[in-house]
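Here the structure comes first, spelled out in structure tokens, and everything after it is commentary.
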Amino acid sequence: MTADTTAPSYWLNWRFLLCAIWILMAMVLSALVIWRYEGHNKSRSRPTGDQGEAARGSYKSEGWRTCSQSIHPIWLLAYRIVAFCALLALILADTIVHSVGIFYFYTQWTFTLVNFGLASSLSIHGHLLHRHEVDSEKDNLVGRDAEQGSYVEPTHGENSGMPSTNRSLNPGDDPKHRAASVWENALQIMFQMCAGAVVLTDAVFWLLIYPFLTGKDYRLSFLVVCMHSVNAVFLLGETILNSLRFPFFRIAYFVLWTSVFVVFQWIIHAFVSMRWPYPFLDLSSPYAPIW
């Protein structure tokens, strides 16, 4: 029998007090880390060189370039579009089968981060912008040499100064790195939040919930298996292909995101007595503070 979560005695006890302290400490520490490495650095005078770029965590155009010069960014774009469409189809199918109440679970929260949607948009924008810059520089060089009457078509491998797509596909080839845009930083933050959340949900489901907390007659459906595996596979592929760096301090966003989910569950259960989405969240257990 599930305890009445709306009863005052359910919340006014040492178990909830300890849990609240843990969550509050996690949120405060995460906020301090974010302020220290994000907001505080931006409030100072802007540093120059690599220090200024490192303070923001990523360089401009890292959001759409690949990890290797041999891999054209168009492949990363195609991968992101496929991943976005597949994950969108999964979450829509899950919503249709189980209704919008499925967003009661943390797994579905990770899908709402739409990481691959933003990544696809940045890839499209970056690729088009890069092509425009290359074409503009070519036109300028051709026009300048034509005016001087000395234009000669450069041969393959010749260092003519003309921008080459292959030579400029990766940020390591450009010595003048610029700080990442707001959207590129947002992608990096969302990617790290989503990666942490996916690892957490999949590990908890496959290592704890499925083997120990489900009934003997429980049968895995194709949709459930996909919801707890496909996202991780796509994120692993994204990690291998992209050129993003992952500052460790931004794990604070994942901690904050997870803490918000817990507080959200507390608020709901304080007003409505209902089953917890995960058994270990039940505060009536004397082991509740351990999680």
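Using N, Cα and C of the backbone, Cβ positions are placed for all residues, glycine too.
Annotations in TrEMBL come from automatic prediction, not curation.
These features come from TrEMBL:
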type	residues	note
TRANSMEM	12-35	transmembrane segment
TRANSMEM	81-106	transmembrane segment
REGION	150-177	region 'Disordered'
COMPBIAS	157-169	compositional bias 'Polar residues'
TRANSMEM	189-213	transmembrane segment
TRANSMEM	220-241	transmembrane segment
TRANSMEM	247-268	transmembrane segment
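Sequence-distant residue pairs (6 or more apart) of the transmembrane segment (189-213) and the transmembrane segment (12-35) include fewer than 3 whose Cβ atoms are under 8 Å, leaving the two stretches without contact.
The listed stretches are 12-35, 220-241, 247-268; of these, 220-241 has the most Cβ pairs under 8 Å to the transmembrane segment (81-106).
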